[in-house]
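Q: Input: one structure, supplied below.
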Amino acid sequence: MGALDGLMQGFQVAFSLQGIMFVLIGVVTGTLIGMMPGLGPISAIAIMIPVTYGMDPSAALVMMAGVYYGAVFGGSTSSILLNAPGISGTVATAFDGYPMAQRGEAGKALAIAAISSFTGGTVSVVLLMLFAPALAQVAVSFGPPQYFALMFLGLTAISSLSEGSTIKALIAATLGFIAATIGMDAQTGTTRFTFGTPNLIEGIDFLVIALGLFAIAEVCFLIINRKDKSLSKQSDIGNLKLSKEDLKEMKGPMTRQSFLGFILGVLPGAGATIASFIGYITEKRIAKKPEEFGKGSVRGVAAPETANNAATSGAFVPLLSLGIPGSGTTAVMLGAFLVLGIQPGPLLVQDRPEVFWGIIASMYIGNVFLLILNLPLIPYIAKILKISRPMLISLVIIFSLIGVYSISFSTFDLYLLLIFGVIGYLMRLFSFPAAPFILAFILGGMMEQALRQALTASGGNLAILVSDPISISLLIVSALSFVVPLIRIRKKDATQD
Amino acid sequence: MLKTMNQKISVFLILFGIGYLYLSYNLKEYPYVPVDSDLVPKALGYLLVGLAVLLFFDKSSETEEQKKKRSVPKKELMVILAVGGMIFLYIFLFEIVGFLIATALFIFFCSWFLGYNRWVSNLLVSLIFPSVLYYLFNYLLQIRLPQGILPF
């Protein structure tokens, strides 16, 4: 099936009445959840997984794509209105969006954000459509050694690129991998680290970890800041209209950042956060009036918003074509796929074209919906920020608990969720990033299988891991990914001296 | 001896790693494969211990921002613990008294405890929210939440 036929078929799935309804539900819920301080796409997707049970997989995925987009956009809304980014991917948006809002131009900032997000998202979906099937064709020939090297690269990249100490990020990744070794071994049937309880034989469910490390851990911070009144202050958002000059200003950053953001999204480990910061910095550097940045510049909002959305779709390239997530969010997305009985990977385009193209088509539609639906609704959606914090905290806790219970029907998993909430809180307290943990947890099982299959084939000889150019180059790139933090440390030392 | 927070964490991680390694060395052997199920856990255990040692000698200290984030007032910590206790109680009662009653009680008391003092709206939310969820899950999504002592 050609790309065009596939896309048409995808549009049929997404443009059916049912499809549109699900995109709509996804975008709105995603926006609502993404607006909550601290709750980002990971929590949004995790909370929505139980709702997709029993749904037709294509429809469910259409909804999930909507949730993902909506959550990223919701994060921008709270960045602009409150200077309280819902997620790290929208921190850079607050630099200029919040000053604009303080000038009474919140509406304008939101409109810029919506249009830039739409542009970044759409351009990047076109690129995704062109690249993912091609990459999948290459990946069909991959064997266990190549897959192992690829996943290894994903883990080292996310660790070396995460904020703060690289050692802590690596420790987080190792702990995530360790959590993945709990349960029955897939090859030999040996039960590992289950301490005799039958509840652990199937391992820990990824939803327990995702909701524990992200949603429940964030609840602790919400509790501490529950008396923060800034949330209820926001009232008037001003006019949503943009002038011709504004649009002219946005054109440059939007074009450049759509492509740059996409590339950064495809690369393992980078993702929306890094794309938005790099987008902001590059635009500031090449701007004619860099002094305007930070004081409510149009370009300063357009750049990170284009970049983070472009990266969001870019991150789907490795997920859809290789079956390997490159970020915490796509890792949870992979979990959602598996729950629906879909195994993303090189064969997805061939075996389940309706699913593959359905996702792509739903991304187009999700973007359009974000633009035409969210923009006029923003004044009303923003009201959710007025929900009193104590009530919000109780509801988030209930949502997380029900999410886990409806997947496992066991209270054991609920206690486990509580434990991972505590672990997640401690990790944040001591500045251990949680994204490498969740990515390692999801990749852990796959990586171990790939490694052992490779070693079984070679009779235990480790040389098989470096026996062909693809795996060698991937492993070299993983080693090189540690050069980045080293340079950062050097620079820091140099400036201190 | 243990001057920085990183060193304390490091010691904890080393102990955890050793415990994990001990369990890995005691995994049952499966004689018919060239690589057994203990290979990866052992590698991970050594990796963790190695990284924890690196963390111990890591010179980079915490930034002011990180320290600020870590300093949680005792009173707030007690509040978090209390909410944790409520969640524990909720899980404990969940399958016994059922979803509806447990959830209504949890939302009402947790919100009230955290400082939500509009009684009427609190009461309304704690009754309506669980009922809607229960209907949605049990009848529309066919996911059975525990009915507990109620007849529906």
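Heads up, the Cβ atoms here are built off N, Cα and C, so glycines get one too.
Per TrEMBL, the feature transmembrane segment maps to B:9-27, B:39-57, B:77-107, B:119-137. The domain 'DUF1468' annotation in TrEMBL covers B:10-146.
Context for these features, please: burial, neighbours, distances.
A: Tertiary proximity for the transmembrane segment (B:39-57) is limited to same-chain residues at least six positions away from its ends with a CB under 8 Å from its CB atoms, namely 6-7, 9-11, 13-14, 16-18, 20-21, 23-25, 27.
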Q: With DSSP as the reference, give the number of residues of the domain 'DUF1468' (B:10-146) in helix, strand and coil.
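A: Summed by class, the stretch gives 102 helix, 0 strand, 35 coil.
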Q: I'd like to know the mean pLDDT over the domain 'DUF1468' (B:10-146).
A: 89
Q: Determine which residues of the chain contact the transmembrane segment (B:119-137) at the Cβ level, with the cut-off under 8 Å and only residues 6 or more beyond its ends counted.
A: 99-100, 103-105, 107-108, 111-112, 143-145
